[in-house]
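This report concerns only the one structure given below.
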Amino acid sequence: MANHHDHDKPLRSALDPISSPYFSSLNGTLSIAKEVLIGPFQGDHRRSESARILSDLAPSLMQPRFLNAASSSQQSLSKSSHPGAPYPLLRLPTNLPFNKSSRPTASSLAILEAVDNLASLSLGDVSHPQNGQNSPSLIRGFKATIPSSELAKQRRRMVRGGIVDEDLGGKIGLKKLGDRARGLLTEKGEDEEDGELGVGRHAVKKRRKKRESRRFTEGRHLEGKLRLEDLAKQADEIGQDKENLHVRQSLIQSEIAEVGAKIDALEDIRRHLEASLLHLQEEDLELDDELEGVQELMASPAIKAAAGAKSLPLSSSGAGISNKSSRRRKGPAFLPSEHDELPSGVAFMTLNGHTAPITALDFDEPYGMLVTAGQDDVVKVWDLCDGEEIGQLRGHRGTVKALQVEDTLCLTGGADGNVRLWDLRMVEDYEERLHTQLAELARQDPLERIAEQRAHEEDGEHAEQDDELPDGTLQDPQPGDGSPCVRTLEGHSKSVTSLYYEDGCLVTGSSDKTIRQWDVATGQCVLTMDILWAISNPPPPPSSVPPQRPPRLSHRSSTSFGSNTYEDILPSPGASLVGMSGAALLGAATGQNFAVPTPPYADGTWEMYQDFVGGVQFWGYALASGSGDGGVRMWDMRTGQAHRTLIGHTAPVTCLQFDEQYIVTGSLDRTVRIWDLRMGSVSEVHKYEYPVTALQFDSRKVVACTGENGVEVYNRTTHAHSRLVVNGHTKPAEKMRFIDKYLVSGGRDGCAKVWAM
């Protein structure tokens, strides 16, 4: 075991045979270097895999022809840089001053300083870093998996089988027995089989004696048939086979880990591809909306007049689109180029002017004119380009709870039960005229003004005033006197809480529990629909009702927790959330004065909710309404009858919108429900922590005010939820309206926020 002793000797003693005869001769140096390099790998002790590889490869690489080729190649490469360096093949890496032309470097000096420490190290076995399991080398894995690695096992089995055959007196024909047991035909005849199987009486007695002999000896028949050297060799082979088995296990485990890593990588790739596919679906929907917007422009009279006699290709559904309400237009908004530079999800403009929560708002187009109404009984008109107030709409007595803006026409419904139509182009001039009148009144003697008022009263010329100027003087903005109010519609006996206008037709909902249809051109009410009559006379259920599955609970707000099933919210968010039972809610809905307490908002405030009709919208002859009893009714405007009632909300419905396939509703029961009009059932339920007060949707998203400071945005394609909060409201958002990527919201803090989505 001399080599084993050389394996553990210090590095200095191992380098001495190389450094001392370095200039003697090339052959002597090569032989000594070979002995030093290969000596540690020739011991009989167990060595690491890298040492085995070097031990296997070094004898082949150190042959004379390889050494001569390497020496000549190295000399040819180093002639230009080191012409005088002897034996460059074995030149030490420490840049020792064998070559006077080489200049010392910082690295070489550091190595020279550490020579004593490095030389004192022993030449131990090369150890692999432990990473849970040793990874076998390529050569070791090859040796463990080649077919020849199984030869030793087969040889041992053959040796043991030969001994047993000799002990049993020859083969006993087990293969034939197996074939016959399976019913297979053999090539030999029955006589030959009987002879081979030894069916004769003599053979049977002989095998019986052999079995008795083996039973009595208890395996001692192997003694003397295998030598110690053979047994030791078999033990070494078994150890080698076990090592090969461990190597194969390690290889399989490595492959399993690689397959797992590949599966994870593929899953990650799949997720990215699915996200890309969803993004493409959103782009497809956006292109559909853009195409419809282009077709709408092509159908407009101005474009047709400019085109002259040219016939433009229009779809069959393109006729009449130009007159539809802005709430159903799907085309892209014409936004300035600077809008794309705004960060998304940030409120970039704040409009302060109301001293109470905002109750309604609407605008005609992005960066156009905005109209807001608040509980301070003020209706303001804003310029969205610079955020300046243009003026006010004076005329309603009380709070305006519903309004809509279509181009330059604005319709407002107030607590006085009236609906007023305004021309927004006249607001600025009217404001200037009012300021002029105020200046004249300020210069007039107060006694003269009082005398004039008494004279008007005595003559009966003084009429009931509808608004009050800042100095306390009443001003009556009647149509035709230069006021922006162009028409007043009277008919409701209580507050107008919702309205919808399209193509000269207006539908209003009121707390008097009726829905009225108006002809705006004549100012006449053409149809009245009684909700109480619809409640007491519900439409008959359809003859065949398809089985309804529970709707999928798609979302809980950020503060929600618990079950994600529908059953856990079905009984709970009903009227109990507003402090009333179902019977009490029905009683409030059918009573004379409707009023229920709202659930607390995020800031802890609450109020009495008195808007019996929370939302209305029509399309053609189809009308949808949401009322205080939690019902969503579909009306036929030709007959004035409700032909379907969607039951699901368990608190008053505050807002709704519908298109060709879906109707989306929000309620005080803290849910937003998406109904499938074809099935007449709920397809999705989105539950929040606070009451839903406003919503709007298009083909890609649903935007809602859910009683929190932020505005909730639900992506209908990716089913992802986000919230607009940056530079947002300081109190819960109450109302909102968006067109394309431009959104305006109004909150209980009395301010309006303009967002880039």
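Residue 1 is the first one shown; counting continues down the chain.
Keep in mind that glycine also has a Cβ here, set from the backbone N, Cα and C atoms.
Sequence annotations record features per position, and here Swiss-Prot assigns compositional bias 'Low complexity' to 71-81 (among others).
Sequence annotations record features per position, and here Swiss-Prot assigns coiled coil to 225-300 based on sequence analysis.
Under the heading compositional bias 'Low complexity', Swiss-Prot lists 312-324 (among others).
What Swiss-Prot lists as repeat 'WD 1' is 353-394. Outside the repeat 'WD 1' (353-394), and at least 6 residues removed from its termini, the chain residues within Cβ reach (under 8 Å) are 326, 333-336, 339, 400-408, 410, 412, 420, 422, 424, 427-428, 430-431, 466-467, 475, 477, 484-485, 731, 734-737, 739-740, 742, 744, 746-752, 754.
Annotation comment: Swiss-Prot describes 396-432 as repeat 'WD 2'. Beyond the ends of the repeat 'WD 2' (396-432), by six or more residues, the same chain brings 325-326, 359-364, 369-371, 373-375, 377, 379, 381, 390, 466, 477, 482-501, 506, 508, 510, 512, 518, 520, 611 to within a C-beta distance below 8 angstroms of the stretch.
Annotated compositional bias 'Basic and acidic residues' per Swiss-Prot: 454-463, in sequence order.
Per Swiss-Prot, the feature repeat 'WD 3' maps to 491-528. Residues of the repeat 'WD 3' (491-528) grouped by DSSP class, helix first, strand second and coil last, total 0 helix, 24 strand, 14 coil.
The feature compositional bias 'Pro residues' is assigned by Swiss-Prot to 538-550.
Per Swiss-Prot, repeat 'WD 4' is recorded for 602-645. Here the repeat 'WD 4' (602-645) has, by DSSP, the following mix of helix, strand and coil residues: 0 helix, 25 strand, 19 coil.
Annotated repeat 'WD 5' per Swiss-Prot: 648-685, in sequence order.
Taken from Swiss-Prot, the feature repeat 'WD 6' applies to 687-724.
Remote same-chain residues near the repeat 'WD 7' (728-757) are listed as 326, 332-333, 335, 339, 342-363, 365-367, 370, 372, 374, 376, 382, 384, 387, 601-603, 605, 690, 693-694, 696, 703-705, 707-711, 713 (criterion: CB distance under 8 Å, separation of at least six residues from the stretch ends). Annotated repeat 'WD 7' per Swiss-Prot: 728-757, in sequence order.
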- [ ] Calculate the per-residue pLDDT averaged over the repeat 'WD 3' (491-528) and state the result as an integer.
- [x] 94
